[in-house]
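Novice: Pasting the feature list from Swiss-Prot:
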type	residues	note
TOPO_DOM	1-12	topological domain 'Cytoplasmic'
TRANSMEM	13-30	transmembrane segment
TOPO_DOM	31-101	topological domain 'Periplasmic'
DOMAIN	94-293	domain 'ABC transmembrane type-1'
TRANSMEM	102-121	transmembrane segment
TOPO_DOM	122-133	topological domain 'Cytoplasmic'
TRANSMEM	134-156	transmembrane segment
TOPO_DOM	157-165	topological domain 'Periplasmic'
TRANSMEM	166-188	transmembrane segment
TOPO_DOM	189-227	topological domain 'Cytoplasmic'
TRANSMEM	228-250	transmembrane segment
TOPO_DOM	251-277	topological domain 'Periplasmic'
TRANSMEM	278-300	transmembrane segment
TOPO_DOM	301-306	topological domain 'Cytoplasmic'
Amino acid sequence: MLKFILRRCLEAIPTLFILITISFFMMRLAPGSPFTGERALPPEVLANIEAKYHLNDPIMTQYFSYLKQLAHGDFGPSFKYKDYTVNDLVAASFPVSAKLGAAAFLLAVIIGVSAGVIAALKQNTRWDYTVMGFAMTGVVIPSFVVAPLLVMVFAITLQWLPGGGWNGGALKFMILPMVALSLAYIASIARITRGSMIEVLHSNFIRTARAKGLPMRRIIFRHALKPALLPVLSYMGPAFVGIITGSMVIETIYGLPGIGQLFVNGALNRDYSLVLSLTILVGALTILFNAIVDVLYAVIDPKIRY
């Protein structure tokens with residue numbers, strides 16, 4: 001098992017390096033600069049600013065300097081927020097996105113798996129049709145449509161919940177963005193769990209367990225659930241990426257001070273160092289999470305190690 005974990009870690013290093021390299025050159029070769037806005041600066045002022053941030057250095061010099069910065073954990077200065085470094089901005093916004101993303105992910109897994117298992121056990125009944133109807137609806141409606149609808153219903157019409165803001169991560173401020181962010185993944189996980197559970201329940205080893213007279217509850221939780229969750233586990237990697245990218249829209253709609261909104265503001269203001277750093281951070285988290293999923297998959301199904 002340790003050998004498998006080490007192999008996955010070693011595989012992640014070149015992937016992260018390629019991500020950093022591609023992201024850096026795409027940002028540096030993009031047209032415009034952080035200092036070309038609606039108000040044109042005099043050429044000498046622009047030259048002095050670019051010299052201050054070493055933007056007029058050869059691109060390979062900038063690249064190796066950036067790698068050296070990253071090796072020391074320094075994301076560099078922000079071009080838009082002059083009084084803060086990128087590290088300061090990330091440190092302030094990352095806990096918001098992490099809390100929202102973790103809550104949405106857990107909600108999607110818990111409700112999605114539970115609904116999928118119920119639908120499989122109640123196949124071709126009212127319960128099954130209800131879950132699958134919800135799943136189809138949740139998959140086709142994007143989060144940027146769900147989010148304002150939730151605000152209109154629960155914040156404006158019923159006035160049960162606030163329609164935006166963070167307020168230190170209080171639960172009532174998290175409910176609407178958490179539901180909007182997780183709804184599509186609840187639906188997808190429910191569909192995957194249902195299909196996988198139905199397949200497992202028709203397996204020979206489940207028939208054998210039933211023939212031995214084992215209680216249905218024990219058959220489900222001791223024998224059927226574990227193999228049925230393997231496809232769900234495979235889906236968790238893409239789901240995690242989707243929740244991270246989806247948070248950019250959700251945080252903007254609900255006015256949450258997370259890395260999603262920070263990324264959007266950085267992109268609109270051409271803040272190269274901020275956008276590049278957030279891209280690398282999200283990419284690194286994605287690589288890390290996929291590696292964790294692979295390890296969990298190997299724990300459940302030892303055949304995957306070889």
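Placement of Cβ uses the backbone N, Cα and C atoms for every residue, glycine included.
Bear in mind that the values here come from a model prediction, so they are computed numbers and not experimental data.
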Novice: For the topological domain 'Periplasmic' (251-277), give me same-chain residues lying six or more residues beyond its boundaries with a C-beta closer than 8 angstroms to one of its C-beta atoms, as numbers and ranges.
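Specialist: Result: 23-24, 27-28, 32-34, 36, 75-81, 86, 89-90, 92-94, 96-97, 100, 144, 147-148, 151, 163-166, 176-177, 180, 244.
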Novice: The transmembrane segment (13-30) vs the transmembrane segment (278-300): three or more C-beta pairs under 8 Å (separation of 6 or more)?
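Specialist: Answer yes: the transmembrane segment (13-30) meets the transmembrane segment (278-300) with 3 or more Cβ pairs below 8 Å.
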Novice: Below 8 Å between Cβ atoms, which of the listed ranges 134-156, 228-250, 278-300 makes the most pairs with the transmembrane segment (166-188)?
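Specialist: Checked against 134-156, 228-250, 278-300; highest Cβ contact count belongs to 134-156.
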Novice: The transmembrane segment (102-121) vs the transmembrane segment (278-300): three or more C-beta pairs under 8 Å (separation of 6 or more)?
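Specialist: Contact between the transmembrane segment (278-300) and the transmembrane segment (102-121): absent, because fewer than 3 Cβ pairs are under 8 Å.
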Novice: Same chain, outside the topological domain 'Periplasmic' (157-165) by at least 6, Cβ under 8 Å from its Cβ: which residues?
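Specialist: Sequence-remote neighbours of the topological domain 'Periplasmic' (157-165) are 151, 172-173, 175-176, 253-256.
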Novice: Restricting to the same chain and to residues at least six past its boundaries, which positions have a Cβ under 8 Å from a Cβ of the transmembrane segment (278-300)?
Specialist: 1, 4-5, 8-9, 12, 15-16, 19-20, 23, 70, 90, 94, 226, 229-230, 233-234, 236-237, 240-241, 244-245, 259, 262-263, 266
Novice: Summarise the model confidence on the topological domain 'Cytoplasmic' (122-133) as a single mean pLDDT, whole number.
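Specialist: Mean pLDDT for the topological domain 'Cytoplasmic' (122-133): 85.
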Novice: Would you list the DSSP helix, strand and coil counts for the residues of the topological domain 'Cytoplasmic' (122-133)?
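Specialist: Summed by class, the stretch gives 8 helix, 0 strand, 4 coil.
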Novice: Helix, strand, coil: count each for the residues of the topological domain 'Periplasmic' (251-277), based on DSSP.
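Specialist: Taking each residue of the topological domain 'Periplasmic' (251-277) in turn, the totals are 20 helix, 0 strand, 7 coil.
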